Amino acid sequence: MDPVLTPAGVRALDARLEGAGLLELAMEAAGRAVADTVQAAYPAGRVLLLAGSGANGADAYVAARHLHALGREVEVRALGVRHPLARKNRLRLRAAGVQTTPLGTSPAGLAALRRSLGAADVVVDGLLGTGFRPPLRPALAGVVAAMNAAGRPVIAVDLPSGLDAGTAEVNGDPVRADLTVALCGWKTALLFGPAAHLAGQVRLDGLRLPPGWALEGADAGAPADAEVAALLPVRAADAHKGTAGRVWIVGGHPGTVGAPALAGVGALRTGAGLVTVHSAAEVPLVMPELMVRRHADLAGFLDHVAPEDRPDAVALGMGLGPDAPALARQVLAWEIPTVLDADALQPELAGAGHGGCVWTPHPGEAARLLGAPTPEVARDPIAAARALQVRYGGVVVLKGGPSVVASAGGVQVARPGHPGMASAGMGDTLSGVIAALLGQGLGAAGAALAGVTLHARAGQLAGAAHGYGLSATDVGAQLGAAWLDLTGRR
Ligand SMILES: NC(=O)C1=CN([C@@H]2O[C@H](COP(=O)(O)OP(=O)(O)OC[C@H]3O[C@@H](n4cnc5c(N)ncnc54)[C@H](O)[C@@H]3O)[C@@H](O)[C@H]2O)[C@H](O)CC1
């Protein structure tokens, strides 16, 4: 599990490392990781390193020393030092034979910087890391603008300068990096929204810290594929449809009948033994294996389902229309594993969730549930998912690229899918996927995490063939392959 750290989490980790006498070693590992990344990605040519006054700048000094040891031609332009380890590592760099030049922010200083940028084959951005507080001061804004205008490849240390590590929002004009070496853990800015677009490709280096230290102070975890695969059930050879989970899809309303059909496909393609769509409208039979039952009075039908006839899991809300909250209350009262999506995601259901239920809002629905503007949700999806979980109970999947899963046990960030998944019906399919996993015995948090991961992987597989023309039907068709791919059980 990779950690996702806030700036406060980084500060606490730094203090712990400092107390244990390990901070200097962590910094040495950070600088070395940056140097190794430069060497692997841009093995030839002159390297210009820009060092700020804090620990981010110290990492750049260490990287410069390692690059020099590797025989690379390096130039270091630096602001004044404030962090004691920046001072120490600058002295070490000089002792190793590399002089540093002041990074001036006056017109003459910026002209000199532009000359250095013009002579460089790759630039290392070690100006500002997690210690940055927006907005960028005008003096440094000129430096960042010169870097962006130079058109040279940029490798950022920890995160591009000018990005606030704790938010997906972009203020002003930060460094645009081609590659970022994230240190110790992911940051919100490297995972979500417009901020993540500025980081380029991200490589995480754990700096060989004592096991668990970074994760203990983390805001969230980002599980590895193998950790998610381990959640998925292995079936006995004598399994039959009665043991693979009976799933009900409750959805559909005149005009929105495709939604429950897609959820049904999602459930079937995720291994549910028996899938029945219950709807007030005529739902198309998109797969003959899907059972479709139309009810003139859906609420009356649900009222009369005997406990022994209830399914193993339900997904409710997809295209269901205005009766969804009342119908959701009926099903929630059964206290069986339940996915609530789309029309069932209404503020009046606050507090109605139980431990076996999964709410699956996209950012717009999350904003409605929280009574907050959508940009606020997008700014910090981890905080939004956590707030939703506290308010609604159960488990929350805040959908996106990547999705966030919040449960009483903590928050996890799943792997992103494919940009082609930005199209109608993807969420309907996902609700069926999660319901199928609930029906096969996974707990709500495990089903949510494994569900979004399978769905994202299926999106990647289908996206390779269909690109931006990807449809939810294409994704549904790849769910079986995604399962095999994730588990290696081909
Ligand atoms: N545990 C870890 O993750 C490790 C991280 N390392 C690196 O440490 C930095 C964070 O270092 P810190 O000294 O706290 O802050 P910065 O270097 O990012 O910046 C401080 C510097 O920035 C100036 N500043 C702040 N806001 C602004 C602004 N708006 N405009 C201009 N300048 C600003 C401030 O005055 C300070 O001088 C982390 O990112 C990693 O790179 C460790 O090396 C290893 C352990």
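Cβ coordinates are placed from backbone N, Cα and C, and glycine is handled just like the others.
Annotations in TrEMBL come from automatic prediction, not curation.
Feature annotations, courtesy of TrEMBL:
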- 10-215: domain 'YjeF N-terminal' (DOMAIN)
- 55-59, 129-135, Asp158, Ala259, Gly319, His362, Asp428: (6S)-NADPHX binding site (BINDING)
- Asn56, Asp125, Ser161: K(+) binding site (BINDING)
- 224-486: domain 'YjeF C-terminal' (DOMAIN)
- Lys399, Gly400, Gly401, Pro402, Ser403, Gly427: AMP binding site (BINDING)
Which of the three DSSP states, helix, strand or coil, fits Gly427 (AMP binding site)?
helix
Within 10 angstroms of Gly400 (AMP binding site), Cα basis - binding-site residues out of Asn56, Thr130, Arg133, Ser161, His362:
His362
If the criterion is a C-beta within less than 6 angstroms of any ligand 1 atom, which of the binding-site residues Asp158, His362, Ser403 pass it? List them in sequence order.
Asp158
Output field, K(+) shell: CB within 8 Å of site CB centroid, site Asn56, Asp125, Ser161 dropped:
Leu50, Gly52, Gly57, Ala60, Gly126, Leu127, Leu128, Gly129, Ala156, Val157, Asp158, Leu159, Pro160, Val175
Apart from the site residues Lys399, Gly400, Gly401, Pro402, Ser403, Gly427, the 8 Å Cβ neighbourhood of the AMP centroid comprises His362, Val397, Leu398, Val404, Ala414, Pro416, Gly417, Val452, Ala456
What does DSSP assign Thr130 ((6S)-NADPHX binding site), in three states?
coil
Packing count at Ser161 (K(+) binding site) (other Cβ atoms within 10 Å of its Cβ):
25
Integer Cα-Cα distance in angstrom, His362 ((6S)-NADPHX binding site) to Gly401 (AMP binding site):
10
Might you list, by sequence position, any residue in that chain lying six or more from Lys399 (AMP binding site) with a Cβ less than 8 Å away from its Cβ?
Thr360, Pro361, His362, Pro363, Gly427, Leu430, Val452
Spatial neighbour of Ser403 (AMP binding site) that is closest, considering only the binding-site residues Ala55, Asp125, Thr130, Arg133, Ser161 and their CA atoms
Thr130
